[in-house]
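Everything below concerns the one structure shown next.
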Amino acid sequence: MANLGCWMLVVFVATWSDLGLCKKRPKPGGWNTGGSRYPGQGSPGGNRYPPQGGGGWGQPHGGGWGQPHGGGWGQPHGGGWGQGGGTHNQWHKPSKPKTSMKHMAGAAAAGAVVGGLGGYMLGSAMSRPLIHFGNDYEDRYYRENMYRYPNQVYYRPVDQYSNQNNFVHDCVNITIKQHTVTTTTKGENFTETDVKMMERVVEQMCITQYEKESQAYYQRGSSMVLFSSPPVILLISFLIFLIVG
């Protein structure tokens, strides 16, 4: 990782050094640096077209083109273009920033903290797993009633647990408890068979949620290690210096 950061630093130093030299090279004279002047800004003895008296071309008493008494273009008595006494700076108002749908989708995918559950988050919806319980009756019962079981799990961040088993155990307990309370409130009760099947289903979903959260946590940790290495910090500081300077 350190060698990679060093090579990146060497490449960027060489590239930005060339760009810095290009920016500092003097440029040849451009518009209004000694060449012809336009319009009507020649030497005192030079010819000017159109002849300039008290105002511009076609202006008897000064003002813009086609303005008898001064003012903006097409305005007989002053004012900005298309406005009786205002200015053209009032045409547009800054638009209000809109909330990015990508940001909203990203926040939803990361899991929303559930109020009143002590820091638990609700995971995204999953497809209920196909599970075999060892006999035809329970398999058929599960297929017919799987829609009554949770398709989302409650969980806490993985860094609050020492291993996967603790995460899954806590995830199963809180998910079944919340789902049972919600369903019972609606007047529906679960049998022992339902509870047995829910435990299996929720356990599989909690394992999937743990794997997903562990991978995301590892990726965040790897990014922090990369950007905290001394070569990368030096490289970023050098780039900021070149941009600001």
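Along the chain as shown, the residues are counted starting at 1.
Glycine is no exception: its Cβ is also placed from the backbone N, Cα and C atoms.
Taken verbatim from Swiss-Prot:
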type     : residues            : note
BINDING  : Gly54, Gly55        : Cu(2+) 1 binding site
BINDING  : His61, Gly62, Gly63 : Cu(2+) 2 binding site
BINDING  : His69, Gly70, Gly71 : Cu(2+) 3 binding site
BINDING  : His77, Gly78, Gly79 : Cu(2+) 4 binding site
DISULFID : Cys171-Cys206       : disulfide bond
CARBOHYD : Asn173              : N-linked glycosylation site
CARBOHYD : Asn189              : N-linked glycosylation site
REGION   : 23-222              : region 'Interaction with GRB2, ERI3 and SYN1'
REGION   : 25-102              : region 'Disordered'
REGION   : 51-83               : region '4 X 8 AA tandem repeats of P-H-G-G-G-W-G-Q'
SIGNAL   : 1-22                : signal peptide
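Features as recorded by Swiss-Prot, highlighted on the structure.
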residue	record	DSSP (3 states)
Cys171	disulfide bond	helix
Asn189	N-linked glycosylation site	coil
Cys206	disulfide bond	helix
- [ ] Enter the number of other CB atoms within 10 angstroms of the CB of Asn189 (N-linked glycosylation site).
- [x] 8
- [ ] Enumerate same-chain residues with a sequence separation of six or more from Cys171 (disulfide bond) and a Cβ-Cβ distance below 8 A; give 'none' if the list is empty.
- [x] Val153, Tyr154, Tyr155, Val202, Cys206, Gln209, Tyr210
Open item on the list: Quick check for the class: what is the C-alpha distance, in angstrom and rounded, between Asn173 (N-linked glycosylation site) and Asn189 (N-linked glycosylation site)?
Closed with: 17
- [ ] Find the average pLDDT over the region 'Interaction with GRB2, ERI3 and SYN1' (23-222) in the predicted model and report it.
- [x] 70
TODO: State which of the following recorded positions has the fewest other Cβ atoms within 10 Å around its Cβ: Asn173, Cys206.
DONE: Asn173
